[in-house]
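One structure below.
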Amino acid sequence: TGSLVITPVEPSMFEKAQGEKVTLPCTFVLSEEDEGPLDIEWVLIPADNQKKEQIIIMYAVDRIYNHYYAAMTGRMQFTNPDPKSGDGSLDILNLKSADTGTYQCKVKKAPGVQSQKLQLTVHVKPARTKCSIEGPQEIGKDVMLKCASQEGSPLLSYDWRRVSGTQELPATSVLNKNTGELLLKNASQDYSGTYSCLASNRVGTDECSVQLNVTPPTNTAGIIAGAIVGTVVGLVVLALLVFCCCKKHRDKKYEKEVHHDIREDVPPPKSRSSTARSYIGSNRSSLGSMSPSNMEGYTKTPYSQVPSEDFERTPAQNPTFAPSKVAAPNLSRMGAVPVMIPAQSKDGSIV
């Protein structure tokens, strides 16, 4: 192997946060025995042994080749622009969690050949940490404070602290650092205050806080009674509304029926008085044209067939005279109704 030597690196494991930069060292020393061309290459060894190694960047024949690994294109470079000076270290910029893996540096200058492996782990800092309270915040109850980060590489650790009042956690509190849960047993009003949770891993931290207010128990019986009273009042109001609507509907229906029963085109009925007077007047006019000679064929119309109401005798009538009997003409042909025929006086006038 000649005298080519790569400087050992201790420790050989690197841990960085996502977005940061890492330098993987690879320095070497050549001797006069190493006379061949200098080749330096970095390869990514997959976790699956069945997969082939992936060349990332290479220096050969005084030239740099960095287009072999598309996932790191534009994010990697040799630390020293002239690697043949003995520094073949690799810089990786803007690290991603996918960059985690085993990297190997190979240096060859015939007859010497040397290599070195380095382990890189890219962590994600805790982020978007949220605090919450679970359970009733009442005196004598158990209250659970929860803390969880939406982002962050394992193993995450959580720690609670009180930032107000005594700044010490209550004596009855139980903390689970792995889940971020803080249990406060048999809470009292002294437990009220602001609590802060710190989430952390190997590369960063994140924090959130929550306000705890422990109050006396609520009057459950009063709440239930109020709810019942409110329900009853609501039902009564609803019943009144339904009753009013039904009554209004019935009134409208009645008015509609009455409106249809009254016909505006039918005149009101005449009174019996006006009917009788009209009846007598029409027959007097028809009889006025008759002489005593043409009345012999008439007979007295039955008195029961003449309207009696509002019928007034004229002063010329003499109740002492007996009406003559004449035969009743066929009045249906004359277009008149039967009437009573007055008697004839001695001087021949019609009474």
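Any Cβ shown, glycine's included, is placed from N, Cα and C.
Database features (TrEMBL):
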DOMAIN    8-121  domain 'Ig-like'
DOMAIN    126-215  domain 'Ig-like'
TRANSMEM  221-246  transmembrane segment
REGION    260-327  region 'Disordered'
COMPBIAS  271-307  compositional bias 'Polar residues'
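Within its own chain, the transmembrane segment (221-246) has no Cβ neighbours under 8 Å among residues six or more beyond its boundaries. Helix first, then strand, then coil: DSSP counts for the domain 'Ig-like' (126-215) stand at 3 helix, 49 strand, 38 coil.
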